[in-house]
Amino acid sequence: MTKYIFVTGGVVSSIGKGIVAASLGRLLKNRGLKVTIQKFDPYINIDPGTMSPYQHGEVYVTDDGAETDLDLGHYERFIDINLNKYSNVTTGKIYSEVLRKERKGEYLGATVQVIPHITDALKEKIKRAATTTDSDVIITEVGGTVGDIESLPFLEALRQMKADVGSENVMYIHTTLLPYLKAAGEMKTKPTQHSVKELRGLGIQPNMLVIRTEEPVEQGIKNKLAQFCDVNPEAVIESRDVEHLYQIPLNLQAQSMDQIVCDHLKLDVPQADMTEWSAMVDKVMNLKKTTRIALVGKYVELPDAYLSVVEALKHSGYANDAAIELDWINANDLTAENAKKLLGQADGIIVPGGFGQRGTEGKIQAIRYAREHDVPMLGICLGMQLTCVEFARHVLGMEKANSFELDPDTAYPIIDIMRDQIDIEDMGGTLRLGLYPCKLKAGSRAAAAYNNQEVVQRRHRHRYEFNNKFRQDFEAAGFVFSGVSPDNRLVEIVELPEKKFFVAAQYHPELQSRPNRPEELYTAFVTAAVKNKNQSL
């Protein structure tokens, strides 16, 4: 029988529900259980694919092409699993599916209501996420906080699950903030008490409290919360601020969180062996070197817009025993005149993805600086496309070269819209999304990075591709197309082999990086950056 764990939040948002859920998932996986995890987002968008990065942060793409919440990145990195489209559910997605069924007459003339139709659809998504992965345990995080009007149908569905599958198969974990008032010199439990009262008013009695705090929590405070919130004292778990996120699973295990969960759900499984994870954390906290990477982006005011990029850089830094020092460079501010000032101290330059005209000229200048000064450079998605544009302009003499996306009237459309995208009008869910194969060119930098594999599978999110009309011109000038689709039609990786490292990929390699298994192309880039720093000392 599948076990269901539901993680809710109270008092304030952004208190780390996703990290708690992911950490618990890692502990249960290390007990030998097959775990999957999903996020409920109560907003009305179908998915975050068309949302501004300033509103939502990055869009995380799964193997099967779902555009999802960035928390799924945390889930995959912590638990080391690949999730699917059932792992992110929004209000908009549920309502659109229910309304589509109503239009088809599938409800046989019934009045369509929140209960039972919306709640039934939500419960079906929970169960589908478990069955499609054949999981022993599914952890479902509900976005937002208890008391938000948008969350009510989701919480009602969670309440009903207890009756549907049995109380011994369901566990409710409530995460809250425990504020510390310096003036009073004490922690305040009232916000948590009121949050639990609100949750209980909706018919959900939490079985565990996870309290987010900056300071150590005395047992007396835990006992008080246990008494007023009607949970066992040992089930009041402290989630204190840490230096590195990957410490959190170990901290939770030290408080027997996973054992309490297993006892409640009647799971008779061995203790979690966290030896390898602990060794990884110890290494992360004792890195001997540093390397400086300039990240040139258009959304740098909100680092969450590049969350997976940053995490992938860190993972590859761990593999090189190096901490990554990031210089956040706003592409809008970068010009040919100030490129040396902004980029001159960098050991490596990364140009990540994006959409639209703004900031593209600055990114092109960053790529040009990397090429002309032989600074290791990695381009991702739009960064790959602009790598081609930069080469066309400044090496091939095509001064007005551009992407069709950025200038439909350009005489040199180096990057063109994909043929199957030409007549598409909807913006959401219509990109080339998900896992696709990339055939590697033997002897190339890309092939070396991937241990000379012939084909790798990587996740994509784009609508435009390199225009093959110009391929011969590029190759004649020494530009290497080191990764292509199996039919040779789509360019996936480009490089200049004579440089220290000058490689750009159309796909998003960062989405498959893990702390204990860094993505290979990122690792090759960071290795080159570390070497570049050593050479310049």
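Any Cβ shown, glycine's included, is placed from N, Cα and C.
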Kindly point out which candidate in ASP64, ASP69, ASP71 is recorded by Swiss-Prot as part of the ATP site with SER14, ILE15, GLY16, LYS17, GLY18, ILE19, ARG240, ASP241, VAL242. ASP71
Same-site L-glutamine binder from GLU76, GLU337, GLU399, GLU405, given that Swiss-Prot records TYR54, GLY354, LEU382, GLY383, MET384, GLN385, ARG463: GLU405
Argmin Cα dist to CYS381 (active site, nucleophile) over the binding-site residues GLY16, GLY18, LYS188, LYS190 returns GLY18
Of all the Cα pairs drawn from SER13, ASP148, ILE149, GLU150, LYS188, THR189, LYS190, PRO191, THR192, GLN193, LYS224, the residues the record ties to CTP, which distance is largest, in Å? 30
Nonlocal neighbours by CB distance (under 8 Å) for GLN385 (L-glutamine binding site), same chain, sequence gap 6 or more: SER403, ILE414, ILE415, TYR464, PHE466, GLN506
Anything within 10 Å of GLY18 (ATP binding site)? Look among the binding-site residues ILE149, LYS188, LYS190, GLN193, GLU405, comparing CA atoms, and list what you find. none
Which of the three DSSP states, helix, strand or coil, fits GLY383 (L-glutamine binding site)? helix
Comparing the binding-site residues GLY18, PRO191, which residue's C-beta has the most other C-beta atoms within 10 angstroms in this structure? GLY18
Can you tell me which of the binding-site residues GLY16, LYS190, THR192 is spatially closest to GLU405 (L-glutamine binding site)? Compare CA atoms only. GLY16
Within a 10 Å radius of its Cβ, which of these recorded positions (ASP71, GLU141, ASP241, GLU405, GLU510) has the fewest neighbouring Cβ atoms? ASP241
